[in-house]
Protein chains: 2
Amino acid sequence: MSPSSYPSKLLENAVNEFAKLPGIGRKTALRLVLHLLKQEKEQVYKFADTVHHMRQEIMYCKSCYNISDSETCSICADMNRDHSTICVVESIRDVMAIESTQQFSGVYHVLGGVISPMDGIGPDDLTIAPLEEKIKNGSIKEVIFALSTTMEGDTTNFYLYKKFDKYNITTTTIARGVSIGDELEYTDEVTLGRSLINRLPFEKTI
Amino acid sequence: MSPSSYPSKLLENAVNEFAKLPGIGRKTALRLVLHLLKQEKEQVYKFADTVHHMRQEIMYCKSCYNISDSETCSICADMNRDHSTICVVESIRDVMAIESTQQFSGVYHVLGGVISPMDGIGPDDLTIAPLEEKIKNGSIKEVIFALSTTMEGDTTNFYLYKKFDKYNITTTTIARGVSIGDELEYTDEVTLGRSLINRLPFEKTI
């Protein structure tokens, strides 16, 4: 659709803004904008104000770099959690995924990505220095690596493992294996092989 | 994902707003919001302000009910167009679709939908009265029906046809037939049958 076919400049501007979002093309953007046009004005103002307000007010926890409404996020501020166990993750979404399992009672550290020379991301672009600072202070007992099982994730795991080797902490990584509900014949051979090597006494799994 | 797993109320509010848009679920909404969080503040403010501004300022053309930046849309205000030929469409999107063909030099009338008793939409919910007003005034020569070929579209066509029968105008409907590029064997029989009944002298199509 040629740009000149938009009947209104205001409409076109709004479509342009929506089309900048990931996975939203110009046709979808138009559909969303026309939907907003059909809504009550107050409803649309609320949408716009909520987005503006969020970007303006949101903070990153000064301890773990998770998204937060205050200087320290609710997880780091929770004294019932085990502050000697840190789970290192790539992004905020990983924090949410692990939190939704309700199986982890320690705290997090959000790296902000993984080391990826191809994308120009080196150790200094991540929050590795503050993590080391926390470990240096001596109250950390265990660091759990929960990064993606990609080449970059494994590289970052290894980099952190080497870096923190000199401190008196345990470093662990989350278990890799056959997903619950998966059939063996459809599991890739690397995962299946790893799950054999890392087999557990049966009584530990019941 | 349980609501309590959002690390920030601001984030959750923004996700809720995005998830109200059609075709956007909570996972997609979160992805869009986290994308906005990574953008520069100014960029996000622009997004929010553009949406707010659009809803606040946009108008509907008082003549054809198309979206417009002013009281009369650019199509109705264009004196080079044929104001005696009105193309009746359901929505603004149909205006844009027809405009992008560059084959129509008349003006439009946006009904705002089609008669659909199942959805509780009757003739009074559409802009039929102002359309009749325009026809009554006597300067209209032809009304083209360009509605969907659904049961509701056909019902509306017939309703309008009967209603405008008493006026001295030509009523036409856009041609239905085999799409250009389509193979006959994959064309549904109703369309194919209609395209045979409405066959044209070959020299008219070259």
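Glycine too: its Cβ is placed from the backbone N, Cα and C atoms.
Those TrEMBL annotations? Automatic predictions, nothing curated.
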Range among B:45-60, B:61-76, B:157-172 that TrEMBL annotates as zinc finger: B:61-76
Surrounding residues of the zinc finger (B:61-76) on its own chain - C-beta under 8 Å, 6+ positions past either end: 83, 92, 95, 99, 107-112, 127, 130, 134
Counts of helix, strand and coil residues, the zinc finger (B:61-76), according to DSSP: 0 helix, 2 strand, 14 coil
Helix, strand and coil counts within the domain 'Toprim' (B:84-179) (DSSP): 36 helix, 21 strand, 39 coil
